[in-house]
Each structure stands twice: as C-alpha cells, then as structure tokens.
Amino acid sequence: MWSLLLCGLSIALPLSVTADGCKDIFMKNEILSASQPFAFNCTFPPITSGEVSVTWYKNSSKIPVSKIIQSRIHQDETWILFLPMEWGDSGVYQCVIKGRDSCHRIHVNLTVFEKHWCDTSIGGLPNLSDEYKQILHLGKDDSLTCHLHFPKSCVLGPIKWYKDCNEIKGERFTVLETRLLVSNVSAEDRGNYACQAILTHSGKQYEVLNGITVSITERAGYGGSVPKIIYPKNHSIEVQLGTTLIVDCNVTDTKDNTNLRCWRVNNTLVDDYYDESKRIREGVETHVSFREHNLYTVNITFLEVKMEDYGLPFMCHAGVSTAYIILQLPAPDFRAYLIGGLIALVAVAVSVVYIYNIFKIDIVLWYRSAFHSTETIVDGKLYDAYVLYPKPHKESQRHAVDALVLNILPEVLERQCGYKLFIFGRDEFPGQAVANVIDENVKLCRRLIVIVVPESLGFGLLKNLSEEQIAVYSALIQDGMKVILIELEKIEDYTVMPESIQYIKQKHGAIRWHGDFTEQSQCMKTKFWKTVRYHMPPRRCRPFPPVQLLQHTPCYRTAGPELGSRRKKCTLTTG
C-alpha cells in the first residue's frame with residue numbers, strides 16, 4: 001500500500017447507507033503519476049478482520065473489476081492493481097466489503113497526470129508516482145522510508161536511492177530493506193530524494209520510482225509525540241523447538257513521523273546479526289492509514305527455532321519506544337503425559353488380561369511344574385479327588401463311564417500326574433456301611449470329580465442317603481470343596497438333572513470329554529486333561545517310569561474315632 005503515503009488527501013465521508021444497503025466508510029484521494037504500477041489494498045480494521053468478501057468496481061459500474069492476472073487492471077485478493085497506470089484510469093473506484101450480516105464501501109478517487117522528478121533532458125529516470133514529504137532531525141541518526149506496498153504476486157527487487165537525481169553513496173547512508181538510514185543528519189541532507197525498484201509480475205518487469213521531499217528540523221519530534229508499540233508487550237512466547245514462528249510488531253504513530261521501526265537482537269539489527277544463516281529475518285513494513293495516525297506492522301520470522309534462541313530478548317524498536325519478546329520452551333504437559341500413561345497402562349492391562357484368559361491354563365500349569373514342590377501336602381487329606389460317577393442303564397454308556405473312570409482317569413491323573421484318587425467301587429472297604437464310607441472318604445479329599453451323562457436317572461444311588469447326595473452335600477455344604485463337573489456327552493437340558501448337579505453346573509461350569517478312549521486321549525497334554533489338571537490341586541507332575549498298569553487290591557481299614565487310629569493293609573501286584 002505504498003500509495004497510501006503519497007501526497008493525497010483523505011476526505012472522510014459521513015457514514016451513510018446507500019440504496020443497496022452498503023454503508024459508505026470514507027473516500028481516499030490519490031494523485032498519481034502515469035506509467036507506473038499502483039496498488040491499493042481494501043482494508044479497514046476491524047471490518048475486514050473477519051470472514052468477508054471484497055469486490056472492486058470502477059465508478060458506478062455494476063461490473064466488477066476483472067480478476068484475470070493478465071489484465072492490466074485487475075483485482076488481486078483484496079487489492080486493486082494497475083500495471084501500469086494510464087491517463088484514462090482517473091476516476092472513482094469502489095471497494096465493497098460484504099460480511100455475513102454487513103456491507104461497507106470505500107471510495108478511492110484517482111487522479112493521474114504526467115509529472116517528472118528530474119529535468120526531462122537528463123532522461124534515464126522514469127516518471128515519479130508522486131512526492132512525499134519526510135523530515136530528518138538535525139544531528140541525529142534518522143531514516144527515510146520508501147513506501148512500496150504491493151500484493152504478494154508482485155516481487156520487488158533491491159531499492160536504489162537518489163538525491164537530486166544522483167545515486168546516493170557514502171558511509172553515512174545505509175540501505176535497509178525499504179529504508180535509507182542516515183547517520184548524523186546535517187543541513188545538507190535536505191533536498192529531493194527518490195527511491196527506485198524493479199517490480200516483477202507474471203514475468204513482466206516495471207519500474208517504480210517514488211519522489212520524497214526532505215526537510216531538516218532541530219525538533220526532537222512532532223509535538224512530543226512518541227510512537228506506541230501495541231504488540232509485543234515485553235512478554236514470553238512458548239514455542240516448540242524446530243518450528244517456524246512469525247511475530248508482528250504493531251506500532252501506532254503520527255502520519256508525519258520519520259521514526260525507524262525495526263527488530264534488534266543484542267543491540268544489532270536482526271538482518272545483520274543473522275546475515276550468514278538468514279535463519280531469522282525482518283519482514284517488509286506495512287501500514288494502514290487512519291484519520292489521525294498510522295498503524296505500522298513489521299514482523300520477524302524465525303524459519304527454524306533453535307535452542308540458542310531461547311531466553312534471548314528480541315527487541316522491537318519504534319523511535320524511542322521499545323518492546324521485546326523472549327522465546328521459551330513450552331512447559332511439559334503433564335496432563336497429556338498422564339492421560340497417555342493411563343491409556344498405555346489400560347491397554348497393557350487389557351492385553352495382559354486378554355492373553356491370560358487365552359493362555360491361563362497353560363500359564364498356571366507351567367508355573368506349577370516349575371515352582372511347586374513334589375512333596376506331599378500336609379493338610380490332613382489323603383486323596384486329591386473323590387470320583388463320583390453314575391451307573392447308566394445303557395450298556396454303551398456304562399462301558400464308556402467305566403473306561404473313563406477305572407482306566408483313563410487313573411492312567412492320566414495318578415500315573416502321569418501323581419495325583420491320588422478315591423474311586424467308589426475301587427477303593428471302598430467291603431462290609432462297611434456305604435453312607436459312612438462315603439462320608440468319611442469325601443472328607444479326606446481335596447476335590448470332588450462328578451461325571452454326568454445325558455441319562456439323568458443314570459445315578460443308581462439317588463434315593464435317600466445315596467452316594468451322590470452324601471458326596472455333593474459334604475462338598476458343597478460342609479467342606480466348601482471345589483467340584484469338577486465332567487460331561488461324558490453333551491447335555492442339552494440340565495433341568496432334568498438333580499438340583500445338586502444343576503447347582504454345580506451353574507457355579508463351577510462343566511468340562512466336556514472329547515476323547516475316544518484311545519492312547520492319544522490318555523496324554524495329559526491334551527486340552528481336556530490340561531483343563532482338568534488346572535482345576536485339580538497344585539502338584540508338580542513327574543512322569544512315572546513306563547510300567548504295566550497295577551492291579552489294585554482293596555485296602556482293609558479299621559474305622560476308629562481318630563484318623564490316626566486307622567490301619568490299612570494294601571497288597572499291590574503287577575498284572
């Protein structure tokens with residue numbers, strides 16, 4: 001928006017509403033020189049700070065200005081761009097700003113004429129866009145500003161400065177971006193200056209030349225006015241290491257000021273301090289004109305924040321006013337770490353529980369095999385399990401039950417795993433009352449194994465004090481014994497089973513036999529036997545040497561009031 005600072009007259013219009021419902025904000029008069037590029041940005045904070053649409057029109061035409069970039073006059077985002085200005089471009093242009101519920105309009109009155117900075121006989125220098133009055137302060141270090149503001153589609157080359165038609169050279173003059181720094185201003189520095197640059201747009205080049213009339217004054221300022229830095233406010237900014245950061249320095253100052261606005265670090269201009277790496281650069285100054293003051297913005301860009309930048313004050317200077325920012329690492333977000341840790345912990349816990357549920361039986365059996373002792377458990381019990389089984393009426397079921405109970409169970413649990421079982425019909429004492437024998441031996445067992453078949457009346461001792469009733473009553477009521485329920489075949493309906501069996505099924509579940517009474521089914525490492533062993537008391541399995549199955553001769557006991565008074569005689573012979 002370099003044209004905003006040219007010698008134009010801003011005439012404020014009373015806020016009025018036209019027939020189309022748009023409010024007129026103000027009119028801007030611009031006196032321009034032909035044959036030069038010109039751009040005007042339609043901006044009016046805070047109206048244009050939100051989501052709005054901007055459309056340019058010429059005079060009262062209802063046809064918008066073209067947005068085709070090849071057109072000499074076209075709209076570029078919020079700008080209207082002339083490449084270049086011509087004599088016939090004079091007139092009033094309208095910028096319509098439409099928001100969701102609002103409509104505002106800015107008028108720009110352009111006057112184009114031919115004007116030369118130097119005598120035309122010299123040649124070589126193009127026509128000026130206009131003159132702008134600036135002031136240097138005698139005996140001080142001061143600066144002149146070349147107001148060249150165009151949209152991002154325009155690329156400006158290096159700026160050259162002239163005084164009285166001669167290029168400026170010397171140690172007292174330094175070109176910094178769009179500014180000419182003048183050290184130790186003297187009376188000879190007054191005169192006519194010009195700044196020249198090459199503008200490139202869509203592959204075409206144009207020359208831009210601004211004329212500046214410079215006067216010298218001994219006053220320190222204008223009415224004692226001091227620039228006001230709105231932002232930054234001497235504060236810290238949290239920024240992650242390695243990120244890109246852009247910070248604006250916003251300054252309000254009088255329209256006729258000549259204050260230098262820049263960023264410094266360690267009392268050195270940022271561009272000079274990082275001249276080699278160019279990692280941190282100062283941006284081009286822009287400004288917005290208001291009725292009584294200008295709002296200037298000059299930013300600093302960190303292409304990549306490094307550790308050396310933290311804790312270092314980056315100073316924004318505007319005349320005698322200064323303000324700084326200090327970069328610092330963001331404080332650790334403990335809440336994020338805590339939430340992440342909890343999520344990870346829950347995920348691990350769920351995974352462990354899931355894996356344990358899948359491999360629970362193998363894990364428990366491995367632990368018992370690795371760490372449990374093979375010594376006899378001293379708990380007053382003689383047997384690891386009491387085996388309770390039915391007496392089916394069907395011959396096939398009776399044969400299957402006998403094979404499982406009298407052959408396979410002893411082979412796997414007793415011989416391979418070292419458990420000691422009490423099997424009614426194999427280990428009872430002849431001549432003793434059934435109820436007493438069962439009641440006494442159930443109390444000497446650590447587990448109760450109940451084998452069921454679909455034939456609910458298959459239990460031959462279901463009447464009165466039957467074996468099943470005594471064993472289940474003792475296991476569930478008196479001793480709190482753990483019960484292992486084995487289904488010889490799939491049982492569809494447990495409601496026809498005795499209530500005690502229904503209770504066991506509901507409380508402990510059931511293990512279904514999948515074997516076929518072959519040698520393969522007699523391996524303790526099959527899934528069925530692993531499940532049975534999991535429910536049995538802990539014991540380290542130690543395989544016995546391969547011997548023939550033993551024929552068990554019933555043991556004779558003499559019952560007494562004390563367990564220690566019992567005597568047992570056993571005769572074991574090989575079959």
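Glycine is treated like the rest: Cβ placed from N, Cα and C.
Note that this is a predicted model, so its numbers are computed, not measured.
According to Swiss-Prot, the features are:
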CARBOHYD  Asn41  N-linked glycosylation site
DISULFID  Cys42-Cys95  disulfide bond
CARBOHYD  Asn59  N-linked glycosylation site
CARBOHYD  Asn109  N-linked glycosylation site
DOMAIN    126-211  domain 'Ig-like C2-type 2'
CARBOHYD  Asn127  N-linked glycosylation site
DISULFID  Cys146-Cys195  disulfide bond
CARBOHYD  Asn184  N-linked glycosylation site
CARBOHYD  Asn234  N-linked glycosylation site
DISULFID  Cys249-Cys316  disulfide bond
CARBOHYD  Asn250  N-linked glycosylation site
CARBOHYD  Asn266  N-linked glycosylation site
CARBOHYD  Asn299  N-linked glycosylation site
TRANSMEM  336-356  transmembrane segment
TOPO_DOM  357-575  topological domain 'Cytoplasmic'
ACT_SITE  Glu467  active site
(message) DSSP secondary structure for Cys95 (disulfide bond), reduced to helix/strand/coil, please.
(response) strand
(request) On the DSSP side of things, how many residues of the domain 'Ig-like C2-type 2' (126-211) fall into helix, strand and coil, could you say? (result) 3 helix, 46 strand, 37 coil
(request) Go through the chain and flag residues at least 6 beyond the ends of the transmembrane segment (336-356) whose CB is under 8 A from any CB in it; none is fine as an answer. (result) 363
(request) Name the one residue among Cys95, Cys249, Asn266 whose Cα is closest in three-dimensional space to that of Cys146 (disulfide bond); these are the recorded positions. (result) Cys249
(request) Work through the recorded positions one by one (Cys95, Asn109, Asn234, Asn299) and name whichever has its CA nearest to the CA of Cys249 (disulfide bond). (result) Asn299
(message) I'm trying to understand the geometry here, so how far is the Cα atom of Asn250 (N-linked glycosylation site) from the Cα atom of Asn184 (N-linked glycosylation site), in Å to the nearest whole number?
(response) 27
(request) Might you list, by sequence position, any residue in that chain lying six or more from Asn234 (N-linked glycosylation site) with a Cβ less than 8 Å away from its Cβ? (result) Ala323, Tyr324
(message) Around the C-beta of Cys316 (disulfide bond), how many further C-beta atoms are within 10 angstroms, looking at every protein chain?
(response) 26
(request) List, in sequence order, those recorded positions among Cys42, Asn109, Cys195, Asn266, Asn299, Cys316 whose Cα sits within 10 Å of the Cα of Asn59 (N-linked glycosylation site). (result) Asn109
